[in-house]
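So the structure is just underneath, and the comments pick up after that.
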């Protein structure tokens with residue numbers, strides 16, 4: 001129930017981030033809904049497709065569709081008030097990527113993949129909804145250009161395997177990895193830490 | 001045989017819409033073919049991937065590939081005459097999305113999905129070939145910005161479930177849903193009805 | 001072992017082509033890695049998804065991930081020296097697409113697809129990593145606009161089926177198709193042969 005609440009809050013935060021980008025592009029109502037939807041479920045969908053876990057998750061669990069429909073309606077109605085929720089949204093988003101990373105890692109373990117592949121799946125689950133959102137909106141994905149975001153997921157994913165080596169209950173490794181993702185992201189934003197860009201002399 | 005004819009006419013209309021966008025971007029012959037192909041089979045391919053229906057449809061039915069190859073050759077040869085077919089193409093496209101919507105709904109039912117998910121799959125089957133076409137051509141998908149198109153598919157998809165509740169032969173529900181999609185699209189174009197754009201004060 | 005070496009050299013060449021495009025876009029280190037990764041494994045991943053061969057290849061073979069990580073680190077460190085490797089990279093890339101075409105054809109045969117579909121899968125394996133790279137970097141895919149590239153794969157793929165009709169050992173058909181792809185590409189580059197663009201009077 002606790003994890004389910006986080007999952008839904010994360011879905012809402014992701015959907016709203018999609019709504020905001022779609023509104024900047026002046027899309028119509030259908031376009032806004034699709035971008036919100038892809039942002040919210042895109043990462044998990046890509047993961048499910050890559051491991052062959054079909055029909056993909058959201059097709060089997062109606063709760064996501066209804067959550068996203070509700071979120072989009074709310075966001076459109078209160079579109080000029082969304083800025084007041086910015087801090088909450090950032091928090092939901094950050095807790096969300098922590099949970100999604102660990103969910104992705106566990107889905108990888110369930111099909112017997114190597115740890116490094118599980119970490120890749122976890123990172124993808126948490127961060128590729130935003131990548132698909134940006135592609136659909138004709139932008140270079142923002143997580144390829146700025147901010148520690150996927151990096152937090154990668155480190156949290158490896159943290160999960162580390163914590164599992166410790167003599168602690170598995171539940172703690174689970175929660176520990178989520179907290180690790182959250183901490184790294186919060187610290188990076190607080191101290192404006194970003195990955196370096198790479199370019200070369202032409 | 002009747003449905004098969006509609007399917008092929010729809011494939012031709014979709015492929016030509018791909019050819020037209022690709023020519024506007026001054027792509028080479030291979031690029032034109034790929035865009036035509038993705039436009040024609042992209043929606044059904046995405047649907048098949050999401051529900052795990054693999055190898056996806058067009059890999060098992062050579063008729064689509066040959067239809068599209070023929071259409072591309074025809075379109076390139078008569079590229080300066082295509083404007084005279086505009087009305088026919090619009091009609092084939094509109095009948096096509098009606099059929100594809102219902103096909104998508106039935107594929108969803110076949111794997112036991114909830115009605116709302118079947119409608120999503122139907123809409124995707126009918127409209128995401130154009131989305132992929134626009135992404136490959138580096139444009140924001142046109143169906144996110146203007147025209148009633150996906151909306152007609154969504155309403156037609158729900159219509160299918162409604163008609164199935166009536167005491168009529170299933171075949172009639174099938175045809176009724178197709179006619180519903182077609183009617184909505186024709187009315188929307190005739191009366192220039194579009195979904196509202198959503199944006200906000202910055 | 002011989003084919004494995006070609007496979008790894010091809011992976012390196014593909015990854016570096018991704019690094020170069022990503023650096024031109026001034027992406028950060030994570031972005032550069034993802035673009036390199038998608039360029040190197042994207043074609044095979046798409047093929048595996050379309051035929052339902054999941055978990056997709058790179059999830060089951062860690063060697064590709066480690067090769068790409070190493071290549072990205074090397075390319076970033078020596079980013080101002082990469083131009084000296086240009087000829088080797090072109091060669092690895094060309095040999096790579098030859099091999100990937102034939103691998104793709106054989107994966108198609110393994111699931112019982114028609115020859116024309118196998119050729120499509122082979123071409124996709126060899127050339128769609130670059131398509132995904134360009135989409136992620138917000139460019140119209142370069143192989144839709146210039147150079148004989150996919151065309152070499154298509155002809156090589158059909159060549160494989162032709163050679164298999166001859167009274168020769170199957171291994172020779174395999175190698176012959178690879179050499180055919182390589183020869184066509186080298187000749188096209190040498191004599192600056194490109195497919196014609198298609199556009200029309202507006």
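The backbone N, Cα and C atoms fix where each Cβ goes, and this holds for glycine too.
According to TrEMBL, the features are:
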DOMAIN    B:5-79  domain 'Glycine transporter'
TRANSMEM  B:6-23  transmembrane segment
TRANSMEM  B:30-50  transmembrane segment
TRANSMEM  B:62-78  transmembrane segment
TRANSMEM  B:90-106  transmembrane segment
DOMAIN    B:91-164  domain 'Glycine transporter'
TRANSMEM  B:112-136  transmembrane segment
TRANSMEM  B:148-166  transmembrane segment
TRANSMEM  B:172-191  transmembrane segment
For the transmembrane segment (B:30-50), I need the partner stretch with the highest count of C-beta pairs below 8 angstroms, choosing only from B:6-23, B:62-78, B:90-106, B:112-136, B:148-166.
B:112-136
Could you tell me whether the transmembrane segment (B:172-191) and the transmembrane segment (B:6-23) have 3+ CB pairs under 8 A, leaving out pairs under 6 positions apart?
no
With pairs restricted to those 6 or more apart in sequence, evaluate whether the transmembrane segment (B:172-191) and the transmembrane segment (B:62-78) have 3+ C-beta pairs under 8 Å.
no
Treating G and I as helix alongside H, and B as strand alongside E, what does DSSP give for the domain 'Glycine transporter' (B:5-79) in helix, strand and coil?
63 helix, 1 strand, 11 coil
